[in-house]
Amino acid sequence: MFAHTALRQRCAKWLLATGLFLLLGACVEKPSTLERVKEDGVLRVITRNSPATYFQDRNGETGFEYELVQHFADDLGVKLQIETADNLDELYDALGKPSGPVLAAAGLVSSERRKTQVRYSHPYLEVTPQVIYRNGRPRPTGAKGLVGKKIMVLKGSSHADQLAELKKQYPALQYEESDAVEVVDLLRMVDEGQIDLTLVDSNELAMNQVYFPNVRVAFDLGETRDQRWAVAAGEDNSLLNEINEYLDKAQKNGTLQRLKDRYYGHVDVLGYVGAYTFAQHLQQRLPKYEKHFKSYAKVEQVDWRLLAAIGYQESMWQPEVTSKTGVRGLMMLTQRTAQAMGVSNRLDPRQSIQGGAKYFMKIKEELDDSIKEPDRTWFALAAYNVGGGHLEDARTLAKREKLNPNKWLDVKKMLPRLAQKQWYRQTKYGYARGGEPVHFVANIRRYYDILTWVTQPQLEGQVAEGNLHVPGVNKDKPADKSSPM
(Lines of atoms letter the chains of each structure in order from A and count residues from 1; the text may use other names and numbers.)
(Lines give C-alpha, C1' and ligand atoms only; values in the text may rest on other atoms or scores of the structure.)
Protein backbone atom coordinates (compact mmCIF):
# COMPACT_ATOMS: atom_id res chain seq x y z
CA MET A 1 0.00 0.00 0.00
CA PHE A 2 2.78 2.33 0.98
CA ALA A 3 4.67 1.47 -2.21
CA HIS A 4 1.65 2.31 -4.36
CA THR A 5 1.22 5.66 -2.58
CA ALA A 6 4.89 6.53 -3.10
CA LEU A 7 4.64 5.60 -6.78
CA ARG A 8 1.56 7.79 -7.23
CA GLN A 9 3.38 10.70 -5.57
CA ARG A 10 6.41 10.29 -7.81
CA CYS A 11 4.16 10.16 -10.88
CA ALA A 12 2.29 13.24 -9.74
CA LYS A 13 5.56 15.14 -9.27
CA TRP A 14 6.80 14.04 -12.69
CA LEU A 15 3.55 15.10 -14.36
CA LEU A 16 3.65 18.43 -12.53
CA ALA A 17 7.24 19.06 -13.60
CA THR A 18 6.46 18.10 -17.17
CA GLY A 19 3.40 20.33 -17.22
CA LEU A 20 5.37 23.28 -15.86
CA PHE A 21 8.09 22.72 -18.49
CA LEU A 22 5.54 22.64 -21.30
CA LEU A 23 3.77 25.68 -19.88
CA LEU A 24 7.01 27.64 -19.67
CA GLY A 25 7.93 26.55 -23.19
CA ALA A 26 4.62 27.79 -24.48
CA CYS A 27 5.20 31.15 -22.83
CA VAL A 28 8.48 31.68 -24.74
CA GLU A 29 7.34 33.27 -27.98
CA LYS A 30 9.00 32.34 -31.23
CA PRO A 31 10.88 35.37 -32.63
CA SER A 32 9.24 37.06 -35.60
CA THR A 33 10.81 36.99 -39.06
CA LEU A 34 11.99 40.57 -38.65
CA GLU A 35 13.46 39.82 -35.22
CA ARG A 36 15.34 36.82 -36.65
CA VAL A 37 16.81 38.97 -39.41
CA LYS A 38 18.00 41.57 -36.93
CA GLU A 39 19.35 38.96 -34.50
CA ASP A 40 21.26 37.24 -37.30
CA GLY A 41 22.47 40.59 -38.62
CA VAL A 42 21.89 39.41 -42.19
CA LEU A 43 19.11 39.98 -44.73
CA ARG A 44 19.11 36.98 -47.06
CA VAL A 45 17.71 37.88 -50.48
CA ILE A 46 17.26 35.87 -53.66
CA THR A 47 17.18 37.51 -57.11
CA ARG A 48 17.91 36.97 -60.81
CA ASN A 49 21.15 37.67 -62.65
CA SER A 50 20.34 40.23 -65.34
CA PRO A 51 21.10 43.88 -66.24
CA ALA A 52 17.72 44.98 -64.86
CA THR A 53 18.04 43.22 -61.50
CA TYR A 54 21.47 42.21 -60.26
CA PHE A 55 24.95 41.50 -61.59
CA GLN A 56 28.58 41.91 -60.61
CA ASP A 57 31.19 44.04 -62.31
CA ARG A 58 34.76 44.97 -61.37
CA ASN A 59 33.46 47.30 -58.67
CA GLY A 60 31.30 44.62 -57.08
CA GLU A 61 27.57 44.05 -56.96
CA THR A 62 25.20 46.37 -58.80
CA GLY A 63 21.76 46.58 -60.43
CA PHE A 64 18.41 48.27 -59.77
CA GLU A 65 17.06 45.55 -57.48
CA TYR A 66 20.39 45.21 -55.70
CA GLU A 67 20.61 48.90 -54.85
CA LEU A 68 16.99 49.08 -53.72
CA VAL A 69 17.33 46.09 -51.41
CA GLN A 70 20.74 47.28 -50.17
CA HIS A 71 19.10 50.51 -49.00
CA PHE A 72 16.52 48.38 -47.17
CA ALA A 73 19.24 46.33 -45.45
CA ASP A 74 20.96 49.56 -44.44
CA ASP A 75 17.70 50.81 -42.95
CA LEU A 76 17.45 47.60 -40.91
CA GLY A 77 21.06 47.92 -39.81
CA VAL A 78 22.03 44.49 -41.17
CA LYS A 79 24.29 43.08 -43.86
CA LEU A 80 22.87 42.07 -47.23
CA GLN A 81 23.48 38.55 -48.51
CA ILE A 82 22.50 37.91 -52.13
CA GLU A 83 21.97 34.62 -53.89
CA THR A 84 20.76 34.12 -57.45
CA ALA A 85 18.30 31.61 -58.85
CA ASP A 86 18.65 29.91 -62.22
CA ASN A 87 14.91 30.14 -62.86
CA LEU A 88 11.68 31.42 -61.33
CA ASP A 89 10.58 28.08 -59.90
CA GLU A 90 13.88 27.81 -58.05
CA LEU A 91 13.51 31.37 -56.81
CA TYR A 92 10.01 30.90 -55.43
CA ASP A 93 10.81 27.48 -53.94
CA ALA A 94 13.83 28.88 -52.10
CA LEU A 95 11.60 31.23 -50.10
CA GLY A 96 9.84 28.30 -48.47
CA LYS A 97 13.00 26.65 -47.12
CA PRO A 98 13.75 27.06 -43.38
CA SER A 99 17.37 28.12 -43.92
CA GLY A 100 16.73 29.89 -47.21
CA PRO A 101 16.31 33.56 -48.16
CA VAL A 102 13.51 35.55 -46.53
CA LEU A 103 12.93 37.92 -49.44
CA ALA A 104 12.79 37.73 -53.24
CA ALA A 105 13.71 40.97 -55.04
CA ALA A 106 13.75 40.09 -58.71
CA GLY A 107 11.38 42.28 -60.71
CA LEU A 108 8.42 40.05 -59.87
CA VAL A 109 4.83 40.65 -60.93
CA SER A 110 2.11 39.11 -58.75
CA SER A 111 0.89 35.81 -60.13
CA GLU A 112 -2.22 33.79 -59.31
CA ARG A 113 -0.29 30.53 -59.48
CA ARG A 114 2.11 31.78 -56.77
CA LYS A 115 -0.40 33.03 -54.23
CA THR A 116 -0.15 29.86 -52.13
CA GLN A 117 3.64 30.22 -52.04
CA VAL A 118 4.25 33.90 -51.40
CA ARG A 119 2.81 37.23 -50.40
CA TYR A 120 3.72 40.33 -52.36
CA SER A 121 4.82 43.75 -51.18
CA HIS A 122 3.55 47.17 -52.16
CA PRO A 123 4.52 48.08 -55.76
CA TYR A 124 7.69 49.98 -56.58
CA LEU A 125 7.99 49.94 -60.40
CA GLU A 126 5.36 50.08 -63.14
CA VAL A 127 6.07 48.00 -66.26
CA THR A 128 4.25 46.96 -69.42
CA PRO A 129 4.31 43.41 -70.83
CA GLN A 130 5.39 43.58 -74.47
CA VAL A 131 5.37 41.14 -77.38
CA ILE A 132 8.78 41.14 -79.07
CA TYR A 133 9.52 40.15 -82.69
CA ARG A 134 12.48 40.40 -85.08
CA ASN A 135 12.78 43.30 -87.49
CA GLY A 136 12.17 42.18 -91.08
CA ARG A 137 9.64 39.53 -90.12
CA PRO A 138 5.85 39.96 -90.14
CA ARG A 139 4.72 42.05 -87.21
CA PRO A 140 1.78 40.65 -85.23
CA THR A 141 -0.66 43.41 -84.36
CA GLY A 142 -2.82 41.67 -81.77
CA ALA A 143 -3.33 38.53 -79.73
CA LYS A 144 -4.74 36.64 -82.72
CA GLY A 145 -1.45 37.20 -84.53
CA LEU A 146 0.36 35.05 -81.96
CA VAL A 147 -1.28 31.90 -83.31
CA GLY A 148 1.07 29.85 -85.47
CA LYS A 149 4.22 31.53 -84.14
CA LYS A 150 7.13 29.93 -82.32
CA ILE A 151 6.93 31.57 -78.90
CA MET A 152 9.08 31.05 -75.81
CA VAL A 153 8.76 32.67 -72.36
CA LEU A 154 10.27 32.15 -68.92
CA LYS A 155 8.79 29.14 -67.18
CA GLY A 156 6.49 30.05 -64.33
CA SER A 157 6.45 33.75 -65.25
CA SER A 158 3.50 36.12 -65.34
CA HIS A 159 3.95 36.14 -69.13
CA ALA A 160 3.29 32.40 -69.17
CA ASP A 161 0.13 33.11 -67.17
CA GLN A 162 -0.95 35.66 -69.79
CA LEU A 163 -0.44 33.19 -72.61
CA ALA A 164 -2.36 30.52 -70.71
CA GLU A 165 -5.32 32.90 -70.48
CA LEU A 166 -5.08 33.76 -74.19
CA LYS A 167 -5.04 30.07 -75.08
CA LYS A 168 -8.57 29.78 -73.67
CA GLN A 169 -9.65 32.29 -76.31
CA TYR A 170 -7.35 30.98 -79.07
CA PRO A 171 -6.96 27.19 -78.56
CA ALA A 172 -4.53 26.93 -81.49
CA LEU A 173 -2.03 29.19 -79.68
CA GLN A 174 1.17 27.30 -78.87
CA TYR A 175 4.08 28.42 -76.71
CA GLU A 176 6.99 26.97 -74.77
CA GLU A 177 7.96 27.73 -71.18
CA SER A 178 11.66 27.31 -70.46
CA ASP A 179 13.56 27.31 -67.17
CA ALA A 180 16.92 27.16 -68.97
CA VAL A 181 16.90 30.78 -70.18
CA GLU A 182 16.82 34.34 -68.89
CA VAL A 183 15.33 37.44 -70.52
CA VAL A 184 18.66 38.18 -72.23
CA ASP A 185 18.58 34.72 -73.81
CA LEU A 186 15.02 35.16 -75.06
CA LEU A 187 15.87 38.48 -76.70
CA ARG A 188 18.97 36.96 -78.29
CA MET A 189 16.90 34.08 -79.67
CA VAL A 190 14.47 36.54 -81.27
CA ASP A 191 17.37 38.66 -82.53
CA GLU A 192 18.97 35.62 -84.19
CA GLY A 193 15.69 34.22 -85.52
CA GLN A 194 15.69 31.08 -83.35
CA ILE A 195 12.17 31.91 -82.14
CA ASP A 196 9.52 34.17 -83.61
CA LEU A 197 8.27 35.93 -80.49
CA THR A 198 8.74 36.35 -76.78
CA LEU A 199 7.14 38.38 -73.99
CA VAL A 200 9.19 40.63 -71.72
CA ASP A 201 8.46 43.56 -69.46
CA SER A 202 9.20 47.05 -70.76
CA ASN A 203 12.00 47.74 -68.26
CA GLU A 204 13.81 44.51 -69.21
CA LEU A 205 13.61 45.44 -72.88
CA ALA A 206 14.85 48.96 -72.17
CA MET A 207 17.94 47.64 -70.39
CA ASN A 208 18.74 45.05 -73.06
CA GLN A 209 17.60 46.69 -76.32
CA VAL A 210 21.05 47.99 -77.19
CA TYR A 211 22.53 44.50 -77.19
CA PHE A 212 19.90 43.23 -79.62
CA PRO A 213 19.13 45.99 -82.15
CA ASN A 214 17.09 43.68 -84.39
CA VAL A 215 14.33 43.22 -81.81
CA ARG A 216 11.16 45.30 -81.98
CA VAL A 217 8.02 45.78 -79.92
CA ALA A 218 5.05 44.30 -81.79
CA PHE A 219 2.46 45.52 -79.29
CA ASP A 220 1.77 45.87 -75.57
CA LEU A 221 -0.02 42.84 -74.17
CA GLY A 222 -2.47 44.13 -71.60
CA GLU A 223 -2.30 46.97 -69.13
CA THR A 224 0.70 48.17 -67.15
CA ARG A 225 1.55 46.08 -64.12
CA ASP A 226 3.45 46.57 -60.89
CA GLN A 227 6.66 44.90 -59.85
CA ARG A 228 6.85 43.82 -56.22
CA TRP A 229 9.04 41.97 -53.74
CA ALA A 230 7.87 38.68 -52.26
CA VAL A 231 8.11 36.83 -48.94
CA ALA A 232 7.11 33.27 -48.11
CA ALA A 233 3.39 32.82 -47.45
CA GLY A 234 4.11 30.96 -44.21
CA GLU A 235 6.01 33.83 -42.60
CA ASP A 236 4.42 36.27 -40.18
CA ASN A 237 3.66 39.88 -41.14
CA SER A 238 6.64 41.51 -39.43
CA LEU A 239 9.08 41.57 -42.36
CA LEU A 240 6.43 42.30 -44.98
CA ASN A 241 5.12 45.24 -42.94
CA GLU A 242 8.66 46.61 -42.66
CA ILE A 243 9.21 46.17 -46.41
CA ASN A 244 5.99 48.01 -47.24
CA GLU A 245 6.89 50.86 -44.92
CA TYR A 246 10.33 51.11 -46.52
CA LEU A 247 9.01 51.07 -50.11
CA ASP A 248 6.42 53.71 -49.29
CA LYS A 249 9.14 55.87 -47.74
CA ALA A 250 11.45 55.31 -50.74
CA GLN A 251 8.65 56.50 -52.99
CA LYS A 252 8.13 59.67 -50.96
CA ASN A 253 11.75 60.65 -50.26
CA GLY A 254 12.93 60.27 -53.85
CA THR A 255 15.06 57.13 -53.42
CA LEU A 256 13.01 55.20 -55.96
CA GLN A 257 12.98 58.06 -58.44
CA ARG A 258 16.76 58.43 -58.21
CA LEU A 259 17.25 54.73 -58.85
CA LYS A 260 14.82 54.81 -61.76
CA ASP A 261 16.69 57.73 -63.25
CA ARG A 262 20.04 56.05 -62.71
CA TYR A 263 19.07 52.76 -64.33
CA TYR A 264 16.25 53.67 -66.73
CA GLY A 265 16.50 57.43 -67.28
CA HIS A 266 18.95 57.11 -70.16
CA VAL A 267 18.36 53.69 -71.68
CA ASP A 268 16.50 54.72 -74.83
CA VAL A 269 18.97 57.27 -76.14
CA LEU A 270 20.90 55.18 -78.68
CA GLY A 271 18.22 54.00 -81.06
CA TYR A 272 18.74 51.28 -83.63
CA VAL A 273 21.60 52.74 -85.66
CA GLY A 274 23.53 53.80 -82.56
CA ALA A 275 23.18 50.37 -81.00
CA TYR A 276 24.33 48.57 -84.14
CA THR A 277 27.28 50.90 -84.67
CA PHE A 278 28.42 50.78 -81.06
CA ALA A 279 28.28 46.98 -81.10
CA GLN A 280 30.65 46.94 -84.09
CA HIS A 281 33.07 49.50 -82.66
CA LEU A 282 33.17 47.70 -79.33
CA GLN A 283 35.11 44.87 -80.95
CA GLN A 284 36.74 46.62 -83.89
CA ARG A 285 38.00 49.91 -82.40
CA LEU A 286 38.12 49.74 -78.62
CA PRO A 287 40.88 47.06 -78.40
CA LYS A 288 43.34 49.48 -80.06
CA TYR A 289 42.99 52.02 -77.25
CA GLU A 290 41.86 49.96 -74.26
CA LYS A 291 45.36 49.83 -72.72
CA HIS A 292 45.58 53.65 -72.78
CA PHE A 293 42.15 54.04 -71.17
CA LYS A 294 43.13 51.58 -68.44
CA SER A 295 46.56 53.12 -67.90
CA TYR A 296 45.44 56.73 -67.48
CA ALA A 297 42.28 55.76 -65.61
CA LYS A 298 44.54 54.17 -63.02
CA VAL A 299 46.66 57.32 -62.80
CA GLU A 300 43.62 59.57 -62.36
CA GLN A 301 41.69 57.05 -60.21
CA VAL A 302 38.65 56.86 -62.45
CA ASP A 303 36.84 53.88 -63.99
CA TRP A 304 38.47 53.19 -67.37
CA ARG A 305 35.09 52.28 -68.84
CA LEU A 306 33.79 55.77 -68.06
CA LEU A 307 36.76 57.29 -69.87
CA ALA A 308 36.13 54.95 -72.80
CA ALA A 309 32.47 55.98 -72.84
CA ILE A 310 33.48 59.66 -72.95
CA GLY A 311 35.88 58.90 -75.79
CA TYR A 312 33.20 57.11 -77.75
CA GLN A 313 30.71 59.94 -77.30
CA GLU A 314 33.33 62.47 -78.41
CA SER A 315 34.87 60.72 -81.42
CA MET A 316 33.50 57.17 -81.72
CA TRP A 317 37.09 56.14 -80.84
CA GLN A 318 38.53 57.84 -83.91
CA PRO A 319 41.87 59.57 -83.12
CA GLU A 320 42.04 61.93 -86.12
CA VAL A 321 38.60 63.55 -85.91
CA THR A 322 38.38 67.35 -86.13
CA SER A 323 35.17 69.30 -85.57
CA LYS A 324 34.02 72.52 -87.23
CA THR A 325 34.87 74.39 -84.02
CA GLY A 326 38.46 73.15 -83.97
CA VAL A 327 38.34 70.52 -81.23
CA ARG A 328 40.39 67.50 -82.23
CA GLY A 329 41.36 63.97 -81.40
CA LEU A 330 39.91 60.93 -79.72
CA MET A 331 38.82 62.93 -76.64
CA MET A 332 38.04 66.06 -78.73
CA LEU A 333 40.16 68.52 -76.77
CA THR A 334 40.31 72.23 -77.54
CA GLN A 335 43.74 73.72 -78.16
CA ARG A 336 43.51 75.61 -74.88
CA THR A 337 42.55 72.53 -72.86
CA ALA A 338 45.25 70.45 -74.54
CA GLN A 339 47.93 72.99 -73.61
CA ALA A 340 46.67 73.19 -70.03
CA MET A 341 46.77 69.39 -69.73
CA GLY A 342 50.24 69.08 -71.27
CA VAL A 343 49.09 67.56 -74.56
CA SER A 344 51.41 68.49 -77.44
CA ASN A 345 49.69 66.44 -80.16
CA ARG A 346 45.91 66.15 -79.94
CA LEU A 347 45.86 63.55 -82.73
CA ASP A 348 48.02 61.15 -80.72
CA PRO A 349 45.42 58.83 -79.11
CA ARG A 350 47.60 58.14 -76.07
CA GLN A 351 48.12 61.85 -75.37
CA SER A 352 44.47 62.63 -76.07
CA ILE A 353 43.25 60.00 -73.60
CA GLN A 354 45.78 61.17 -71.02
CA GLY A 355 44.65 64.78 -71.43
CA GLY A 356 40.96 63.88 -71.39
CA ALA A 357 41.32 61.83 -68.22
CA LYS A 358 43.25 64.58 -66.48
CA TYR A 359 40.78 67.26 -67.59
CA PHE A 360 37.72 65.27 -66.53
CA MET A 361 39.10 64.66 -63.04
CA LYS A 362 40.12 68.32 -62.74
CA ILE A 363 36.52 69.34 -63.48
CA LYS A 364 35.17 66.79 -61.04
CA GLU A 365 37.45 67.95 -58.24
CA GLU A 366 36.41 71.58 -58.77
CA LEU A 367 32.70 70.87 -58.28
CA ASP A 368 30.98 72.04 -55.12
CA ASP A 369 31.62 69.68 -52.20
CA SER A 370 27.87 69.42 -51.62
CA ILE A 371 27.47 67.39 -54.83
CA LYS A 372 27.83 63.71 -53.96
CA GLU A 373 28.14 60.56 -56.06
CA PRO A 374 26.75 59.35 -58.36
CA ASP A 375 25.46 62.83 -59.24
CA ARG A 376 28.98 64.24 -59.01
CA THR A 377 30.05 62.17 -62.01
CA TRP A 378 27.05 63.27 -64.10
CA PHE A 379 27.68 66.93 -63.18
CA ALA A 380 31.34 66.58 -64.18
CA LEU A 381 30.32 65.12 -67.53
CA ALA A 382 27.92 68.00 -68.13
CA ALA A 383 30.63 70.53 -67.26
CA TYR A 384 33.05 68.67 -69.56
CA ASN A 385 30.58 69.34 -72.36
CA VAL A 386 29.06 72.75 -71.67
CA GLY A 387 31.48 74.33 -69.20
CA GLY A 388 31.39 74.81 -65.45
CA GLY A 389 29.90 78.30 -65.63
CA HIS A 390 26.80 77.23 -67.51
CA LEU A 391 26.40 74.27 -65.17
CA GLU A 392 26.39 76.68 -62.22
CA ASP A 393 23.76 78.78 -64.01
CA ALA A 394 21.55 75.70 -64.29
CA ARG A 395 22.07 74.95 -60.59
CA THR A 396 21.05 78.52 -59.78
CA LEU A 397 17.86 78.12 -61.83
CA ALA A 398 17.17 74.86 -60.00
CA LYS A 399 17.38 76.65 -56.65
CA ARG A 400 14.92 79.29 -57.84
CA GLU A 401 12.50 76.56 -58.87
CA LYS A 402 12.88 74.97 -55.39
CA LEU A 403 14.62 71.96 -56.91
CA ASN A 404 17.75 70.31 -55.57
CA PRO A 405 20.84 71.92 -57.17
CA ASN A 406 22.94 68.90 -56.15
CA LYS A 407 20.85 66.29 -57.95
CA TRP A 408 21.32 65.59 -61.65
CA LEU A 409 17.68 64.57 -61.93
CA ASP A 410 16.68 68.17 -61.12
CA VAL A 411 19.50 70.14 -62.74
CA LYS A 412 19.13 68.39 -66.10
CA LYS A 413 15.61 69.84 -66.27
CA MET A 414 17.08 73.35 -66.04
CA LEU A 415 19.92 73.04 -68.56
CA PRO A 416 17.70 73.31 -71.69
CA ARG A 417 16.42 76.65 -70.34
CA LEU A 418 19.86 78.13 -70.99
CA ALA A 419 18.91 78.24 -74.68
CA GLN A 420 15.77 80.31 -73.98
CA LYS A 421 16.11 84.07 -73.72
CA GLN A 422 13.60 84.46 -70.90
CA TRP A 423 15.86 82.25 -68.77
CA TYR A 424 19.43 82.82 -69.93
CA ARG A 425 19.07 86.59 -69.54
CA GLN A 426 18.73 85.90 -65.80
CA THR A 427 22.01 83.96 -65.64
CA LYS A 428 25.63 84.97 -65.14
CA TYR A 429 27.09 83.22 -68.18
CA GLY A 430 24.21 83.73 -70.61
CA TYR A 431 23.18 81.61 -73.56
CA ALA A 432 24.20 77.97 -73.92
CA ARG A 433 22.93 75.05 -75.96
CA GLY A 434 21.73 73.52 -72.73
CA GLY A 435 20.07 70.51 -74.29
CA GLU A 436 23.43 69.21 -75.50
CA PRO A 437 24.93 68.32 -72.11
CA VAL A 438 21.73 66.48 -71.19
CA HIS A 439 22.10 64.24 -74.25
CA PHE A 440 25.86 64.07 -73.75
CA VAL A 441 25.46 62.68 -70.23
CA ALA A 442 22.65 60.30 -71.21
CA ASN A 443 24.68 58.84 -74.07
CA ILE A 444 27.78 58.36 -71.96
CA ARG A 445 25.79 56.70 -69.20
CA ARG A 446 24.38 54.27 -71.73
CA TYR A 447 27.77 53.48 -73.25
CA TYR A 448 29.17 53.07 -69.75
CA ASP A 449 26.35 50.67 -68.82
CA ILE A 450 27.12 48.52 -71.86
CA LEU A 451 30.86 48.51 -71.19
CA THR A 452 30.21 47.60 -67.56
CA TRP A 453 28.04 44.67 -68.61
CA VAL A 454 30.32 43.22 -71.30
CA THR A 455 33.47 43.53 -69.15
CA GLN A 456 32.14 41.37 -66.35
CA PRO A 457 34.91 38.92 -65.34
CA GLN A 458 32.91 35.92 -66.55
CA LEU A 459 32.53 37.46 -70.03
CA GLU A 460 36.03 38.85 -70.57
CA GLY A 461 37.42 35.62 -72.02
CA GLN A 462 34.66 35.60 -74.59
CA VAL A 463 35.39 39.23 -75.47
CA ALA A 464 39.10 38.53 -75.88
CA GLU A 465 38.41 35.54 -78.11
CA GLY A 466 35.76 37.36 -80.09
CA ASN A 467 33.11 34.85 -79.02
CA LEU A 468 30.91 37.20 -77.02
CA HIS A 469 27.57 37.75 -78.72
CA VAL A 470 27.43 41.44 -79.55
CA PRO A 471 24.53 42.21 -81.90
CA GLY A 472 25.55 43.27 -85.36
CA VAL A 473 28.98 41.64 -85.12
CA ASN A 474 29.83 38.37 -86.96
CA LYS A 475 26.43 38.52 -88.66
CA ASP A 476 25.04 40.03 -91.80
CA LYS A 477 24.16 43.64 -91.30
CA PRO A 478 20.40 44.11 -90.96
CA ALA A 479 18.86 45.88 -93.89
CA ASP A 480 16.46 48.15 -92.03
CA LYS A 481 17.85 51.00 -89.95
CA SER A 482 14.54 52.33 -88.71
CA SER A 483 13.94 53.24 -85.10
CA PRO A 484 13.48 50.24 -82.78
CA MET A 485 10.19 51.55 -81.45
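Every residue, even glycine, has its Cβ placed from backbone N, Cα and C.
Record features, source Swiss-Prot:
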ACT_SITE  Glu314  active site
COMPBIAS  474-485  compositional bias 'Basic and acidic residues'
REGION    30-267  region 'Non-LT domain'
REGION    268-485  region 'LT domain'
REGION    465-485  region 'Disordered'
SIGNAL    1-29  signal peptide
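The Cβ of the residue listed as 'active site' lies under 8 Å from the Cβ of Leu330, Met331, Met332, Gly356, each on the same chain and at least six residues away in sequence.
In the three-state DSSP reading, Glu314 (active site) counts as helix. When averaged over the region 'LT domain' (268-485), pLDDT in the model lands at 83.
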